[in-house]
Ligand SMILES: NC(=O)c1ccc[n+]([C@@H]2O[C@H](COP(=O)([O-])OP(=O)(O)OC[C@H]3O[C@@H](n4cnc5c(N)ncnc54)[C@H](O)[C@@H]3O)[C@@H](O)[C@H]2O)c1
Ligand SMILES: NC(=O)c1ccc[n+]([C@@H]2O[C@H](COP(=O)([O-])OP(=O)(O)OC[C@H]3O[C@@H](n4cnc5c(N)ncnc54)[C@H](O)[C@@H]3O)[C@@H](O)[C@H]2O)c1
Ligand SMILES: NC(=O)c1ccc[n+]([C@@H]2O[C@H](COP(=O)([O-])OP(=O)(O)OC[C@H]3O[C@@H](n4cnc5c(N)ncnc54)[C@H](O)[C@@H]3O)[C@@H](O)[C@H]2O)c1
Ligand SMILES: NC(=O)c1ccc[n+]([C@@H]2O[C@H](COP(=O)([O-])OP(=O)(O)OC[C@H]3O[C@@H](n4cnc5c(N)ncnc54)[C@H](O)[C@@H]3O)[C@@H](O)[C@H]2O)c1
């Protein structure tokens, strides 16, 4: 049993914790939180041992009547691996602590690629993580691009990829974020950092990206162009290729799904926890071939697509399974893969 | 076992169907749909017998490879009670069919009060529905107001209620609805129809309402004022009163919930299906007494608050349980009531 | 000629500067800015003498090739009155400077009432500002409420006013502000500070207010209830009363204006600079009498309704005209009053 | 003097009418409207002769006390050219009337390219319109693309253009339009119709487009990629090229403009009527060269960019000026071209 700690129990951390408890080969040692809010209460109610992320705040948990299992340092020590899901930049601050206890650590996409030995995407470069002490599961957007480009590169070769990422302004509960009524080139300078981030997974891929921010909260949406080295005659071939991948969902035309709202509704209907969509959601009709160019639209659920990747990264780092085994196990236990 | 049919399997209908299957004293005979879309597929996958709502379209289901159990008329005939959850106005068209088969029918808030014998809210007027052939479960907003005003009227007497309903422009998947960037007085003429709708439950209550529409999809929010006949000294008394009601959730200050986004997040965290919030969500801090005036804010989850009410209405119409029994059973089986 | 300085050339400051240049009895001595951005360039292009608000930044203007007329201290010294339109809280920091040069100062609604001798609304308490050294032109929302309540109080007496203010999340260019998709009770505790702010103009008025924040940028919208001491029989009387006021615009039903978007369109059509709506915009159809209760909806253009008030406050402080004269002159020169 | 009629006095029509009155070589014969609303009142107040677009409704204008100059047929007969700015599809219905009176007609981008002899963009194909009876001024988006691609093609040759158009959901007053909180691939099938529409101006240009719809009202934003035949070494060359064009505005970095909200604010500051931005607004910093690929972001003000094009099209059709003369005259009289 792999003993897993989760440090930072927010949007990503709580999902990773839930996913870990579903794994037959893993045990959730505990989760660390900074504040005794309702998420802390819920963690306790779920039976997750709760640790104080900041020693000075232990008394706050006590005052709130929330029982602690210890401090984050004890948690890190007790674990075989720690998943850091703290806000951007905090992971970097935590690195020394993980090193002090000699616990391998996974970080999230908000941390810099320089912080770690390896950036990780299961479909893209699973094997490279084995034995690494510091691994970064790339961001939601980079995860979405890596999953898509891996099979495309293998089947047809990528001459150049050009992607416009139309990003949600904030997650549904982040009420302090805008814009309210605008479309923001973001960043304004081109190409954006998303392309280089994909290159942490596929160093040789030629990719230019452009980012925007819009007043929506549910999912990011990518407008994807890939000039192929060896393009197939028909888009159907590409559809078949993508349909093979468990973490790519080809939205069938008959589903009549026009955007993220109806995608989430679909996720609710089929019983997904939190309405999570762990898969890239690619509009089947949009997959097109024009000469050498492949085009498609995909929606990326920022809050959840990295969750199965974190689970796989745990096994990859510890060398507990190969890529195929790990991805299959993760998919089966979580229910990844959509009809 | 009460045999329940659901005609109209959309936002409300699918939730009612799910809730019915949880009731020990009910059996879901089937659901009727007009089109063989992904919701139809999901219904079949859940094991809900599927009936064609429109005879001419039977072949469409066949072509889509979706097996039908029969037509809506057969479904209505086989049921002890039918819950009509069709779009506004379609319920009225269906009335003759329900009468033809002598099956008592529940309608939703989109239908006119004139269509039915009794408008219904479990907390408000449960007993009046017994034996009625046509009962209307009042709208999400009227349900929210009735649940709140019932205990307030009983404890302190309502001299006059004045409520501004700030309504979500559309449900999350209704992408054709606006406004995108506006605050619309809606309706512009005052008072709005919501007050008279509350009077279908409490005929003697003096209430004036004002409606607005804003660019949000998650929940409605009510700004409530009630001038009391016999006001308590302190708001805490009112809080205690409201906390007694299982379908009123007093959002604790420590939860740090500022709006509907975080409320939904909370619902996800505690494992609510679809993130549904069946309860009125009242900000505890907002409950205030100024002289004879009570003030508070409440958020209403338009997609789900009427669901437990439909379940209770089924029992009320058939005389199968009294109010206390029915509400308790519904609450327990569904998990209504929030910590 | 009254020599007027404007310190803080943003949303409010630039409008006040424009309005001052239209007054026959005023001269714009100059405007002070902190940064040499495009607003600074525009000020220069319009011929407004530009002063550096922060001495250390003089060189930045020079580097940007923007000519300065001097520093803010020189500007304050040269003026008979200074209008401070700096961000909330900065006005308080500037107070000592204005006192050092013995220049009477007007502040905006973001400053605390405690900072000043008098809070000001032209229609409400013009005379009280005469001779004061520090005067605060109340916020956009309080201005909107004061203008409305003044004639209502005079004609019918206000027993109690209850107002829900549904506020825009941010101005159109404030892209860092949310919420994107939520309705936020804000503040959550009741009543909100807006009522007490109205009491700085009408100390004896009984008013309770509730605030919300929504994803819209164009205007605030108020849902207004006033229980009258001596209510008229018909709403038409109230409409006639309000129609008498130049700064209240009764939106005629035939205009078919459903919200702020169409109101702005109307402002553009009639040639308003920046599409500004200096008047409260009251939906004529919404004005209703129910027993002793008056109800109506009004939209408030947050960026501009305080501008004529600032112009009047200048005259009021210096005792240069009485209320009637000043308001008439301001209205005529600016074009306040809508058909 | 060219006698110009405008049929359809809405978003586009009223702007064209205003622009026509500014032309020394044109006279506005009148505008035709269907309903006596506030826009009709404003037209009359501006001194624009008003004609009834629908004969049966003449009495409505009379009842509203709005004086009519005649019917639309009389208007069309009296004009040398008619600008049809009716809603999509109505222009096609009007075609027979224009032919009956032998009056050349301009249509807007909502009409089909098949309806007309020539689709028009001043910079792109001015000369082709001479003598045509039916000319379509292409849509706001196609206008924006044509203006940009014309100089790029001339200077460097376009191997292939790929553009993602992130479109505003509706104009500010169109409150019935969504989405409220979503990012919609629209159309879902690729490439979108915008590319072929550009080909009505540049038949040989290789261009693929993808469209999306988002909850914003102010402007469209394009993410532009052009693979050049003969790419320059540095982006500065491209910037210089684009800066030459009066209808392309390169937003300087120092302006600190992050989106459409601040662009409109800038338009207000410099005194633009309605805050109109007739120019493509290109972020100067975004203009980049990566190998053979040019990238940039541009914002397009859907309500106004086609207005100078309509003015030019009038002269082009009647052969009254050559491209250079007409564009220069239009730009000067309207004030097109931004500092
Ligand atoms: N939300 C997304 O869309 C998303 C998607 C992919 C990756 N990420 C990345 O995941 C990481 C976490 O983001 P998130 O959205 O889950 O953030 P979040 O704010 O939802 O959660 C972070 C949690 O960490 C806690 N925390 C703060 N300081 C801490 C500390 N010192 N020790 C322990 N816990 C601490 C916070 O209380 C919070 O519960 C970031 O790197 C982010 O960039 C986020
Ligand atoms: N969505 C809400 O916010 C909400 C809240 C409370 C009450 N209601 C009321 O509930 C009712 C249903 O609303 P909804 O939001 O669930 O609508 P919906 O559009 O989500 O679902 C209606 C369903 O009925 C189906 N349908 C249409 N015509 C039919 C027919 N002739 N026979 C059978 N099925 C048919 C549709 O295909 C759809 O699946 C309305 O009266 C509405 O006013 C809605
Ligand atoms: N925008 C509104 O909706 C609104 C409505 C009514 C009242 N107000 C009040 O008006 C005041 C100004 O608000 P605003 O919206 O115009 O803000 P703003 O941010 O648009 O403008 C403030 C300007 O002051 C400048 N500034 C900052 N520090 C300065 C300093 N030390 N000296 C001189 N100038 C400085 C800024 O550069 C900016 O140009 C605030 O008190 C606000 O609460 C704003
Ligand atoms: N609004 C934009 O963003 C935009 C941009 C570029 C092009 N266009 C195109 O311009 C055209 C007009 O669009 P719009 O946005 O100005 O529409 P609009 O709805 O704002 O205005 C159309 C006007 O035509 C009037 N009208 C309707 N039927 C009429 C008839 N039979 N005769 C005369 N007038 C009639 C309407 O009352 C309205 O005043 C459409 O083809 C549209 O696709 C619009």
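From the backbone N, Cα and C atoms, a Cβ is placed for every residue, glycine too.
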* **Co-listed NAD(+)-binding residue [TrEMBL; alongside B:11, B:12, B:110, B:302] among B:168, B:239, B:247** => B:168
* To do: Enumerate in sequence order the binding-site residues B:141, B:168, B:194, B:195 whose Cβ-atom distance to ligand 2 is under 6 angstroms.
  => none
* To do: Report the nearest neighbour of residue B:141 (D-glyceraldehyde 3-phosphate binding site) in space among the binding-site residues B:11, B:110, B:168, B:302, comparing Cα positions.
  => B:302
* To do: With DSSP as the reference, give the number of residues of the domain 'Glyceraldehyde 3-phosphate dehydrogenase NAD(P) binding' (B:2-140) in helix, strand and coil.
  => 58 helix, 33 strand, 48 coil
* Asked: Taking the centroid of the Cβ atoms of B:139, B:140, B:141, B:194, B:195 as the D-glyceraldehyde 3-phosphate site, which other residues of that chain lie with their Cβ within 8 Å of it, listed in sequence order?
  -> B:109, B:138, B:142, B:143, B:144, B:145, B:165, B:193, B:197, B:198, B:209
* **Segment-level pLDDT (mean, integer) for the domain 'Glyceraldehyde 3-phosphate dehydrogenase NAD(P) binding' (B:2-140)** => 96
* What other residues of this chain sit with their CB within 8 A of the center of the CB atoms of B:11, B:12, B:110, B:168, B:302, the recorded NAD(+) site? -> B:140, B:171, B:303
* To do: Among B:12, B:110, B:194, B:195, B:302, these being the binding-site residues, pick the one whose CA is nearest to that of residue B:140 (active site, nucleophile).
  => B:302
* Hey, what's the Cβ neighbour count for residue B:141 (D-glyceraldehyde 3-phosphate binding site) at 10 Å? -> 24
* Which of these binding-site residues is closest to residue B:302 (NAD(+) binding site) if you go by CA atoms: B:139, B:194, B:195? -> B:139
* To do: Tell me, in order along the sequence, which binding-site residues from B:139, B:194, B:195 have their CA within 10 Å of residue B:110 (NAD(+) binding site).
  => B:139
* Structure fact -> Cβ density check for residue B:110 (NAD(+) binding site), other Cβ within 10 Å (all protein chains) comes to 17
* Spatially speaking, which of the binding-site residues B:11, B:12, B:168 is closest to residue B:195 (D-glyceraldehyde 3-phosphate binding site)? Use C-alpha to C-alpha, please. => B:168
* Nearest to residue B:194 (D-glyceraldehyde 3-phosphate binding site) by Cα distance: which of the binding-site residues B:11, B:12, B:168 is it? -> B:168
